[in-house]
Amino acid sequence: MIKHVLLFFVFISFSVSANDFFRADSRTPDEIRRAGGLLPRGQQEAYERGTPININLYEHARGTVTGNTRYNDGYVSTTVTLRQAHLIGQNILGSYNEYYIYVVAPAPNLFDVNGVLGRYSPYPSENEFAALGGIPLSQIIGWYRVSFGAIEGGMQRNRDYRGDLFRGLTVAPNEDGYQLAGFPSNFPAWREMPWSTFAPEQCVPNNKEFKGGVCISATNVLSKYDLMNFKKLLKRRLALTFFMSEDDFIGVHGERDEL
């Protein structure tokens, strides 16, 4: 939960869209670039220790008892404004002399935590949008540097951002997220609208084979399927961009040579 802190917030001009998202993070842009993006903690644990990634929105939103990210978390948190990301950064990363606020383009890998979890969202004031499977480097528009609690200068553009891939995309509709909510076994939400309509079969309370572990496993399978579809979408857009660029080249330089 966010603690209220008193901040001296300086108004600065920045070229971001009202639809963009923001994440405070201790990792530097070079670290993010080497990693290929803002990856979830669970992915690193899976690589280093073979720990299965838990792609469960409800458990992600709850975090651990201490308020930290779960070791096997399959989501990356963002919020809706630069100011809110700054507040979260000061609360979580205030002990750092320096951290960064990354600006993220909207896309269907982002889920509205409050919209999907409704009244069961544990920290609604955070206005979180969670990125399923993390945020690829090509989705990061740029970043702000925060030094000793103050945002310094304007946004630095990410040279690896692919506006052609993300232009016109929007976040996932809540209807796509209800089945990924990941509520625990016998949780009342599974008997309520809208979740009861979208509940995976293994999560329906009146199912004779209903078990918490089976429900969680089903949620992970569905989440991975959604992530796979998002990656396919980017690949299709990348291919379309390539062919459009090739057509432009042919239009200027004449017909393409046949091999």
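Glycine is no exception: its Cβ is also placed from the backbone N, Cα and C atoms.
Pulled from Swiss-Prot, these are the features on record:
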SIGNAL    1-18  signal peptide
BINDING   23-37  NAD(+) binding site
ACT_SITE  GLU128  active site
DISULFID  CYS203-CYS215  disulfide bond
Return the residue, from the listed recorded positions ASP25, GLU31, GLU128, with the maximum count of other C-beta atoms within 10 angstroms of its C-beta.
GLU128
Determine the minimum-neighbour residue: among ARG23, ARG27, listed as binding-site residues, which Cβ has the fewest other Cβ atoms within 10 angstroms?
ARG27
Three-state secondary structure, which DSSP defines for ASP25 (NAD(+) binding site):
strand
If you skip the near sequence neighbours and keep only those at least six away, which residues in the chain come within under 8 angstroms of GLY37 (NAD(+) binding site), Cβ to Cβ?
GLY134, ILE135, PRO136, LEU137, SER138, GLN139, ILE140
Are there any residues in the same chain, six or more apart in sequence, whose C-beta is under 8 angstroms from the C-beta of ALA35 (NAD(+) binding site), and if so which?
ARG27
Please tell me which one of the recorded positions listed here (GLU128, CYS203, CYS215) sits closest to ARG23 (NAD(+) binding site), measuring Cα to Cα?
GLU128
Local Cβ density at PRO29 (NAD(+) binding site) - other Cβ atoms counted within 10 Å:
18
